[in-house]
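One structure below.
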Amino acid sequence: MNTLIAFAVLLLLSTTLGDTDDKVSHEEIQERKELSGISEELLLQQLEAVEAALMEKERLEEMEEDGNSREKRCMALNVPCDSHFKCCKNLVCQDPTLTWFYGSKYCYRKKS
């Protein structure tokens, strides 16, 4: 019985006076939370940079595809043109040369 009392007293003293790691573990948990928040922000910034680079690359590829595609909505040779109806690439929108009574400009071949 004396042995049990001695162990109980020893257990009581060790739990009340003993140094617990609760404060240390709470501080470590807080530090880990702060570090994980910082690392998450850094990771997010890196992902945004990668995404921006990919979007730029995709945009450039789309522009190249558009450059190779057929030209749309352009006016042909000797057809009236204005700000709404543009001439095709190899044509230019000019006033008719010998006729002053035409009211609009026409698409002509570019002079070399």
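Every residue, even glycine, has its Cβ placed from backbone N, Cα and C.
Over in Swiss-Prot, the protein carries these features:
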- 1-18: signal peptide (SIGNAL)
- Cys74-Cys88: disulfide bond (DISULFID)
- Cys81-Cys93: disulfide bond (DISULFID)
- Cys87-Cys107: disulfide bond (DISULFID)
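Features per Swiss-Prot, on structure.
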residue : record         : DSSP (3 states)
Cys74   : disulfide bond : strand
Cys81   : disulfide bond : strand
Cys87   : disulfide bond : strand
Cys93   : disulfide bond : strand
Cys107  : disulfide bond : strand
Winner by Cβ contact number (other Cβ atoms within 10 Å) across the disulfide-bonded residues Cys74, Cys81, Cys88, Cys93: Cys81
Euclidean distance between Cα atoms of Cys74 (disulfide bond) and Cys81 (disulfide bond), Å: 9
Of the disulfide-bonded residues listed as Cys74, Cys88, Cys93, the one whose CA lies nearest the CA of Cys107 (disulfide bond): Cys93
All-chain count of other Cβ atoms within 10 Å of Cys107 (disulfide bond): 21
Neighbour tally for Cys87 (disulfide bond), based on other Cβ positions within 10 Å of its Cβ: 21
Separation of alpha carbons, Cys87 (disulfide bond) and Cys93 (disulfide bond) (Å): 6
